[in-house]
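All remarks here apply to the structure that follows.
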Amino acid sequence: MRRVLELACVLALWLLGAWAPAKAAGLTLDDQHREVNVWSAVTVLSDPGKSMTVAEARQRVAEFTVPTTAASTLGHRRDAVWMRVPLAVSAASDGRWVFDVDYAVLNRMDVYVISAEGQVLQQARLGNTQLAADRPMPSRSHAVELQLRPGQSHELWLRVETLGGMIVPMTLSKESVFLARALREQMLQGLLVGLGVCLICYSLAQWLTLREALLIKYAVLIGGGVMFSIVQFGIGAQYLWTDVFWFELHLAGLAALMASAGTFLFVEEVLREPEQHRWFSPVMKGGAAFLALVGWAYAVGWVDVHVVSKVIGTVGLAPALMGLPGAVRRARRGDSVGWYFIVAWLGYFITTTIMVLVIRGVVPANAWTLHSFQIGTTLDMLLFLRVLALRLNAVHEQALRAAHERDHALSMAATDALTGLPNRRGLQAALSESLPVGQAAPITAVYLIDLDGFKPVNDEFGHEVGDRLLVAVSARLRELLRVADIVARLGGDEFVVLAKGLANEQHAQRLGEELLATFQLPYDLEGLSVRVGATIGYALAPLDGSDPNHLLQRADAAMYEGKRRGKQRLTRL
């Protein structure tokens, strides 16, 4: 029995110890340790009414407790919170320490340094709703240089009030350490934000050239992510919209809504395909429209940041969830676009989950976790850029195929199917492009050739032999002429030769005689020797005119005049 009572007492003491508030040890500031994390010494007290003064908070010091949340974050809360940090300053220290809260979107913080005797030695107000001129230090984060008394004890009191997540990564450091850390962060933000701005400019410049809507959707997606980072890390307040507090209080939410809306539109266009459900595109476009509506309501003050956070945490995930089946289908059939989407969304889910857990007080706030969302956004920017390039390349190839098919169709429409020569339509186009303008231009000759004796061959040996004869005639004409000259078949047994760049009329006459002479030789059609003659009429441009139809009519009339005179002759009117 005694043994049982002893165990019961031990268990009771253990339970009381578990529920009793822990005691945080104070911090010792020594110049040899030039940077100290403050969180390990923090105790907190909630101020639901947001009206407690520092004197009232000090009277309730026994009620302060060690935070139950993860390090450097108190979660998403609507109250104000008082924090107390006991400090012991080494006698060897110079007493000058920079207190820095490296979370730029905190709205208001009141800092008090109180001596062991209870005297307020120093007071400062920080936060992104303070005028730049009133800030103790012109930094990206919220910082103030404390003047502490060497060899004495102090208490650092901090009152925090903010609309978003109460994330308070606090450090006490020497000025040189603080400046070096600030410089590293500025360089990192310059690199990541600069990359995003370059991608936005690239996509907009490409859109001006290509007029491809996907480029605008990519720019919207990237623009939202870049703007969110600019607000989140204090770059905007420091350089872009100093003292414009509406931007500080609203742009982060609007940027997140913008990025999500751009993701809806980007994913919808890239993954749109016949295999998708018929409601896929309307729902994706509707999601973007809904986010735009929420953004408008937030901008005019109809909804607060808590509503925006809930919308982003629910509707903002829809593009990935709805697009995932399409991405998996593409990946399974070997389309790299699907794999890029899967990797991008995996990175997005991991980094976003980390940031959400930091805001909720589950995961500690440190350099890696606070930058997780920005890292994920940068990864998405680069992966989606690759998706964009693949998509534009596919569109370009599709356009090339369509142009090739169109050109092929036009070529077929302007080509004689039997001989492969230009037909009447092709000849008209060639004449329009080739005829000279002005009397001093080189001469172009138009020869109209009509075969003599073709019908008897066709009747005696059949259409197949007749077709082979026409092909042989076209081949012999092309062998005789220059590469720049054109041979066309008007139909039946009529051919037209277009010869450009002739020196004079005598040159045209000689070429016509060569054309006529080529018909004196027989045609060997796979063992069958066939002879046909030709009557040629021709006209010269610009001597006989420059209108294509007029020249053809004149050459045709000359050919019939040659027929009338006895055939197998060259005639010009």
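Here the Cβ of each residue, glycine as well, is placed from N, Cα and C on the backbone.
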**Report entry** 74-94, 305-325, 431-451 - the range that TrEMBL marks as transmembrane segment
**Finding:** 305-325
Query raised in the report: Which one of these stretches, 105-123, 162-180, 371-389, 523-541, shows up in TrEMBL as transmembrane segment?
Result: 371-389
Query raised in the report: Quick one: do the transmembrane segment (371-389) and the transmembrane segment (305-325) have at least 3 Cβ pairs under 8 Å, skipping pairs fewer than 6 apart in sequence?
Result: no
Query raised in the report: Looking at 247-267, 279-299, 337-359, which one has the highest count of Cβ pairs under 8 angstroms to the transmembrane segment (305-325)?
Result: 247-267
Report task. Could you pull out which residues elsewhere in the chain have a CB under 8 Å from any CB of the transmembrane segment (337-359), counting only those six or more residues past its ends? Result -> 70, 73, 75-76, 164-165, 167, 267, 270-271, 313, 320, 323-324, 326-331, 365, 369-370, 372-373, 375-377, 379-380, 383-384, 386-387, 390-391
Report summary line: Across the domain 'GGDEF' (442-573), DSSP yields 59 helix, 42 strand, 31 coil
